[in-house]
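A.B. asks: Please find one structure pasted underneath; my questions will follow.
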Amino acid sequence: MPGRTWELCLLLLLGLGLGSQEALPPPCESEIYCHGELLNQVQMAKLYQDDKQFVDMPLSIAPEQVLQTFTELSRDHNHSIPREQLQAFVHEHFQAKGQELQPWTPADWKDSPQFLQKISDAKLRAWAGQLHQLWKKLGKKMKPEVLSHPERFSLIYSEHPFIVPGGRFVEFYYWDSYWVMEGLLLSEMAETVKGMLQNFLDLVKTYGHVPNGGRVYYLQRSQPPLLTLMMDCYLTHTNDTAFLQENIETLALELDFWTKNRTVSVSLEGKNYLLNRYYVPYGGPRPESYSKDVELADTLPEGDREALWAELKAGAESGWDFSSRWLIGGPNPNSLSGIRTSKLVPVDLNAFLCQAEELMSNFYSRLGNDSQATKYRILRSQRLAALNTVLWDEQTGAWFDYDLEKKKKNREFYPSNLTPLWAGCFSDPGVADKALKYLEDNRILTYQYGIPTSLQKTGQQWDFPNAWAPLQDLVIRGLAKAPLRRAQEVAFQLAQNWIRTNFDVYSQKSAMYEKYDVSNGGQPGGGGEYEVQEGFGWTNGVVLMLLDRYGDRLTSGAKLAFLEPHCLAATLLPSLLLSLLPW
C-alpha cells in the first residue's frame with residue numbers, strides 16, 4: 001500500500017534526524033479532496049465560510065474529467081482563476097454537501113426504553129424522552145452511489161447506517177461514537193450499535209486502523225482508540241459472544257496499529273518504558289481546515305511548515321483539536337504555530353490502551369485462548385508500570401502528560417489527568433482520595449456548570465472556559481467507581497451540575513451542544529476553528545448515562561452551591577447520620 005510505504009520511509013528519515021526538512025506524503029491520494037492545485041485554489045479563495053464544506057461536496061462527474069477541466073481553466077488564467085469563475089466551476093462540477101447521505105430511522109428505535117422509568121424528576125424524564133427521539137434525527141445511511149462510484153465522494157463507504165454527531169459533522173467520528181453507543185444501548189438499540197461496530201471493524205480490516213472520521217482526508221490519522229471498549233459495552237448489554245469470536249483478531253489488529261506506529265520509549269530510573277503518543281507523519285494542510293493551516297504556516301520559516309501541519313494532524317488525532325496541552329513547553333505556547341502534540345505522552349491515550357489490553361485479556365479468556373489472554377495481561381502490566389513511573393505524581397495525586405523533549409511532566413490541570421481512574425488502570429488503592437484532593441487543590445469543584453477542560457484561557461476550544469461531555473464522564477465515572485463514599489458523592493454532585501447545565505440550555509434553546517461555557521452560566525461554548533455545533537451525539541449519550549445512573553436523585557431545580565470541602569461535608573452529613581441509625 002503506497003501510504004504505508006511512505007510512512008515506513010518517513011520513520012527511517014526521522015530516525016536519521018531528517019524530519020522537518022523532508023516532504024511528507026499527503027493525507028490521501030485524491031488530488032481533489034486531499035492535495036493539489038484544485039484544492040489549494042478553491043480553499044484559498046474562501047468560497048465558503050467553512051473549509052470543510054468544499055471537501056465534503058460530491059463530484060458530479062468522474063474525478064479525471066474534473067481535474068482535466070480544472071487544469072485547462074487554470075492554465076488559461078495563469079494558475080490563478082478569478083473567484084467568480086472558480087465559483088462557477090465548483091457549482092458545475094460538484095454537488096451540494098450531504099447529497100450522498102440520506103436520513104435513517106433506526107429499525108430498533110422504540111418509544112419508551114426502560115431506563116426512562118428510573119428517572120424520578122418528571123421534567124428530566126420528559127427531557128430524556130426528547131433526547132431519545134434525537135437518535136432518529138441523527139441517523140444516517142449512505143446512498144448506493146457511494147459504493148458504486150467511491151471516487152466521486154470524500155465519504156468513506158460504510159455498509160451499515162450510523163449515528164452522526166450533528167451540525168457540520170455529518171459523517172461518523174471515531175471516539176465520539178463510544179459515548180453515542182453508550183447512549184444507544186440505554187435506548188435499547190443494540191442492533192444499531194452492532195452495525196456501527198461492524199463499520200469500524202471493516203475499516204480496520206481495510207486500513208489497519210479506525211480513521212479519525214468517515215472522510216478520505218481523515219484516513220491517515222486516527223482518534224483515541226476506544227474500539228475495544230465499544231465492543232465491551234456491546235457485550236455487556238447483549239452477551240453476543242459469537243460477534244466477539246468473529247472479530248477478536250480485528251480488535252487485536254487495531255491495537256497493533258498503535259503499537260507499531262505510535263509507540264515511544266521513555267528512559268527513567270535506569271529503565272526503558274514503552275508508552276504511546278499521537279503522531280501523524282503526513283504533510284500538507286488539513287483539507288477540512290486548509291486556509292487556516294496555510295495562513296498559520298505562513299508565520300513560520302518554509303522549512304518548518306510540513307512539521308507544523310503534521311503536528312496539527314496529531315492534535316486532531318488526539319480528539320483535543322486544539323488545546324494548551326499541545327502548546328505548553330514549546331517556543332510559542334500562546335500560538336497554534338507552536339503546536340507539538342507528538343512531543344508529549346498523553347495520560348488519556350495510555351489509560352485507554354491500558355483498559356483495552358485488560359479487556360483483550362478478558363475477551364481471550366472468555367474465548368478459551370489462554371496464551372493470548374496471557375499476552376495482553378502482560379502488556380497491561382507493563383503499561384501500568386510505565387504509567388506509575390512516568391506519568392503518576394504521588395505528591396500531587398494525579399497523572400500528567402510527559403514531555404519527551406523537556407523530560408518532565410506537564411503539571412497543568414486537565415480532566416484527562418484522571419483518566420486512569422476511569423479506566424481502572426492504577427495500583428494505589430488510595431488513588432480516589434488523592435484525586436479528590438487534586439480536584440479541590442485546583443478549585444475544580446467550585447465550577448457550578450461543569451468541569452472546565454483546562455484552566456488556561458487560550459481561545460482554543462479544548463481549554464477554559466469550555467466543558468465537554470466526555471471529560472465530565474471521565475471524572476464522574478472515575479470517582480463513582482471508587483469505594484470511597486466521599487468520592488461517590490462528589491461524582492453525584494458533578495453529575496447534578498452537568499445535568500442542570502444541559503437541561504437549562506435545552507430549555508432555553510431546544511438544542512444540545514458539543515460544548516458548554518462554565519464561565520457564562522453554562523451557555524453553549526465557543527472558541528476554536530468553527531462555530532459551536534448542535535446535535536449532539538456524545539453530549540446526548542453522556543446525559544443519558546448520568547440520568548440512568550442517578551435518575552432517582554437528579555433534579556431539574558436550581559443550581560447547587562459550590563462543591564468546596566465545607567459544602568461537601570454539609571451535603572454528606574445527612575446521609576452519613578442516616579447510615580448510623582438502626583433500621
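Positions of Cβ are set from backbone N, Cα and C atoms, glycine also.
The structure displayed is predicted, hence computed values, not measured ones.
Below are the features listed in Swiss-Prot for this protein:
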type	residues	note
ACT_SITE	D321	active site, proton donor/acceptor
ACT_SITE	E514	active site, proton donor/acceptor
BINDING	R168, W175, D176, N212, R221, S222, Q223, R286, P287, E288, G319, E529	substrate binding site
CARBOHYD	N78	N-linked glycosylation site
CARBOHYD	N239	N-linked glycosylation site
CARBOHYD	N261	N-linked glycosylation site
CARBOHYD	N369	N-linked glycosylation site
LIPID	S556	GPI-anchor amidated serine
SIGNAL	1-23	signal peptide
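Mind mapping these onto the model and telling me what they sit next to?
C.D. replies: Listed in sequence order, L312, G315, Q461, W462, G528, E529 are the same-chain residues six or more apart from D321 (active site, proton donor/acceptor) with CB atoms under 8 A from its CB.
In sequence order, P165, G166, G167, W468, A469, G525, V532, Q533, E534, G535, F536, W538, T539 are the residues near E514 (active site, proton donor/acceptor), counting only same-chain partners six or more apart with C-beta under 8 A.
Secondary structure at P287 (substrate binding site), taken from DSSP and collapsed to helix, strand or coil, is helix.
Sequence-distant contacts (6 or more apart, same chain, Cβ under 8 Å) of N78 (N-linked glycosylation site) do not exist in this structure.
Cβ neighbours within 10 Å of N239 (N-linked glycosylation site), excluding its own Cβ and spanning all shown chains: 10.
DSSP assigns N261 (N-linked glycosylation site) to a helix in the three-state reduction.
Within the same chain, no residue at least 6 positions away from N369 (N-linked glycosylation site) has a Cβ under 8 Å from its Cβ.
DSSP assigns S556 (GPI-anchor amidated serine) to coil in the three-state reduction, outside any helix or strand. Cβ neighbours within 10 Å of S556 (GPI-anchor amidated serine), excluding its own Cβ and spanning all shown chains: 16.
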A.B. asks: Cβ distance under 8 Å to R221 (substrate binding site), same chain, sequence separation 6 or more: which residues?
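C.D. replies: When sequence neighbours closer than 6 are ignored, R221 (substrate binding site) has P27, P211, N212, V280, Y282, K313, A314, A316, E317 within Cβ distance under 8 Å.
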A.B. asks: Around the Cβ of N261 (N-linked glycosylation site), how many other Cβ atoms lie within 10 Å? Please give the count over every shown protein chain.
C.D. replies: 18
A.B. asks: Sort the recorded positions N239, N261, S556 by C-alpha distance from P287 (substrate binding site) and give me just the closest.
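C.D. replies: Going through N239, N261, S556 one by one, the closest to P287 (substrate binding site) is N261.
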A.B. asks: Could you measure between R168 (substrate binding site) and N261 (N-linked glycosylation site) for me? Cα positions, answer in whole angstrom.
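C.D. replies: Here the two Cα atoms are 30 Å apart.
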A.B. asks: If you count other CB atoms within 10 A of each CB, which of P287, G319 wins among these binding-site residues?
C.D. replies: P287
A.B. asks: CB neighbours of D176 (substrate binding site) within 10 A?
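C.D. replies: A count of 28.
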A.B. asks: From the Cα of Q223 (substrate binding site) across to the Cα of N261 (N-linked glycosylation site), what is the distance in angstrom?
C.D. replies: 13
